[in-house]
Amino acid sequence: MPLSRSLSVSSLPGLEDWEDEFDPENAVLFEVAWEVANKVGGIYTVLQTKAKVTGDEWGDNYYLVGPYTEQGVRTQVELLEPPTPELKRTLDSMNSKGCKVYFGRWLIEGGPLVVLLDVGASAWALERWKGELWDTCNIGVPWYDREANDAVLFGFLTTWFLGEFLAQNEEKPYVVAHFHEWLAGVGLCLCRARRLPVATIFTTHATLLGRYLCAGAVDFYNNLENFNVDKEAGERQIYHRYCMERAAAHCAHVFTTVSQITAIEAQHLLKRKPDIVTPNGLNVKKFSAMHEFQNLHAQSKARIQEFVRGHFYGHLDFNLDKTLYFFIAGRYEFSNKGADVFLEALARLNYLLRVNGSEQTVVAFFIMPARTNNFNVETLKGQAVRKQLWDTANTVKEKFGRKLYESLLVGSLPDMNKMLDKEDFTMMKRAIFATQRQSFPPVCTHNMLDDSSDPILTTIRRIGLFNSSADRVKVIFHPEFLSSTSPLLPVDYEEFVRGCHLGVFPSYYEPWGYTPAECTVMGIPSISTNLSGFGCFMEEHIADPSAYGIYILDRRFRSLDDSCSQLTSFLYSFCQQSRRQRIIQRNRTERLSDLLDWKYLGRYYMSARHMALAKAFPDHFTYEPHEVDATQGYRYPRPASVPPSPSLSRHSSPHQSEDEEEPRDGPLGEDSERYDEEEEAAKDRRNIRAPEWPRRASCSSSTGGSKRSNSVDTGPSSSLSTPTEPLSPTSSLGEERN
């Protein structure tokens, strides 16, 4: 099914300042999710980064509701007394009836207040509540599915809490309850079944069935309309989970997804079209000077180079100054995350670099947690050898420096033959002998429990990337989350990303994709796909994404082999860039971080909440969406320093300019390119803020004769807007060098 080309509900004219802000004086927001102070997946990042902008809007009327976990409370939560009498009475009432409810402050930016429900302490009511769920919603939950049973307990506790909170308030506030994912969806269904006066929102960050189907190697997007969803869910033994998710989507006043591609998926699998798309953002920390993040890149790259020196000892026959670091990171879903496509493209890239005699070397990291039992001995030995060589060099350097100093002190030139004695040469020879190894550097840094059947390792064996000296592409599989306390690669994830040159995320199923978004915020170019939410968002809002270091791989309309070829082209073009071109591109990439800031994207969540209030309390709130002309779409323009395509830039008559007479130092003529970084940055900042907001909806509330009016955004759901200027025929970096 082709994607719609009409104006998107997440179009960037929404970055304009609103005339009025929402006044939550008599409204309370509860955001309910399984990952509140409980890191499991990407929803944790959404809640953690969004907390500040939501707290700024709602103040002390904003609460997060999640499960109690001992580890999470011990490391992330400061337990407190409830700040209001109503909330204190609510918690006391639930605790007196056999529940365990905790209250505190989540120790993250913004410091939001959290209500934590102890699911395990309420297991005594599981069978009764499962029976009530069956009577109310006709959803049966098998005894062996612990995750689904926890979802039932969490849902009933959440509903109990919301009902008790309303009962303890004499002046009933307008309550908005925002539920994330199916694990919290039971609570939403029960709120509607019990007719609680609550405005409900359900956000799906990925559909259950979509994730399972894509992992099963089916042609997912071309068959969305043809799936028998009940049959597919039943065959995968997730029918009860699917029913929870679908019921929550249909019961909610407002249903949202995180991207246009997921909206299409939800419409066919969950049988409800999302009311609004709420893209995921990040907390963007801007640098006071343009060169600061470039310096951080150099420092982090030096840390990675130290690891590479140790890992490839004995085979370090490539120039580290001409080495590029690529990486892929995320959940270990081999096909969904595109690791299969990345490996195939690396094999083809290796062939291209070898046959063309390139001096560039590529080290590709795979950061995907898998089952291991220990570190690889060879990997540990490599870091020990590197440290030994460093200590030996420092010892010899100190002795050499001392003798040189003494010789110069007496006014004579040193005799170089006497600067080092026999003992020093022996020490250096022993260090050199220690670097000799008979085997290739290891591909995997750990010992895998299922080495023979691991998808990444079996593919590496098939394509033959064994880190040999002849290979221009080296592969390192790190099956563990990065940590600054690791004895192998002692860097955290953020520092690692800053030190790399390119993030590669050729996902087949990626509802949003925080990894390429994090790369963008840190000024690191990345490759995404038109099947990921992030890729669609960038393709929609940027006229020429590749000029800004955002490469969009076509996995929607191309075959798997063609997608591999396109990815290989992207990688090879990137390898051909000069260092100066990469620096300029990183500057452009970092400037796109404004597009991903919660200060802007958080407004789509505001819109969803206002829409829910209008539907739940129509006597007090109104929401009037305006129709939008699709021609009013806005796209972030190409950088002014990027030349247009040759067909558009050719002179109509023979013409010779002063620029043509300037010397061109390299084959690409890079040093003749006039480029003012500060001027470029100023233009891009104006481009973000300049567009006018083409659609408005009023959301007014009346309480006791007073009215509040707020402007919120809405619009028809779609995918890609119409470009405002012609695009060049190609999207690779080759265009930038023409």
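Including glycine, each Cβ sits where the backbone N, Cα and C put it.
Copied over from Swiss-Prot, here are the features:
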- HIS205, ARG211, ARG331, GLU510, TRP512, GLY513: UDP-alpha-D-glucose binding site (BINDING)
- 682-695: compositional bias 'Basic and acidic residues' (COMPBIAS)
- 698-738: compositional bias 'Low complexity' (COMPBIAS)
- SER8: phosphoserine (MOD_RES)
- SER11: phosphoserine (MOD_RES)
- SER412: phosphoserine (MOD_RES)
- SER641: phosphoserine (MOD_RES)
- SER649: phosphoserine (MOD_RES)
- SER657: phosphoserine (MOD_RES)
- SER672: phosphoserine (MOD_RES)
- SER709: phosphoserine (MOD_RES)
- THR722: phosphothreonine (MOD_RES)
- THR724: phosphothreonine (MOD_RES)
- SER728: phosphoserine (MOD_RES)
- SER732: phosphoserine (MOD_RES)
- 632-738: region 'Disordered' (REGION)
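Features recorded in Swiss-Prot, as mapped to the structure shown.
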{"residue": "HIS205", "record": "UDP-alpha-D-glucose binding site", "Cβ contacts under 8 Å, 6 or more apart": "GLY42, ILE43, VAL46, HIS180, GLU181, THR257, VAL258, THR262, PRO511, TRP512"}
{"residue": "ARG211", "record": "UDP-alpha-D-glucose binding site", "Cβ contacts under 8 Å, 6 or more apart": "ASN336, TYR509"}
{"residue": "ARG331", "record": "UDP-alpha-D-glucose binding site", "Cβ contacts under 8 Å, 6 or more apart": "GLY41, LYS337, MET368, PRO369"}
{"residue": "SER412", "record": "phosphoserine", "Cβ contacts under 8 Å, 6 or more apart": "none"}
{"residue": "GLU510", "record": "UDP-alpha-D-glucose binding site", "Cβ contacts under 8 Å, 6 or more apart": "ASN336, LYS337, SER528, THR529, LEU531, SER532, GLY533, PHE534, GLY535"}
{"residue": "GLY513", "record": "UDP-alpha-D-glucose binding site", "Cβ contacts under 8 Å, 6 or more apart": "PHE505, SER507, SER528, SER532, GLY533, PHE534, GLY535"}
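Within 10 Å of the Cβ of TRP512 (UDP-alpha-D-glucose binding site) there are 26 other Cβ atoms, across all protein chains. Excluding HIS205, ARG211, ARG331, GLU510, TRP512, GLY513, which define the UDP-alpha-D-glucose site, the same chain contributes GLY42, ALA206, SER507, TYR509, PRO511, TYR514, SER532, GLY533 within 8 Å (Cβ to the Cβ centroid), listed in sequence order. Among the residues the record lists as binding UDP-alpha-D-glucose, namely HIS205, ARG211, ARG331, GLU510, TRP512, GLY513, the two farthest apart have Cα atoms separated by 15 Å.
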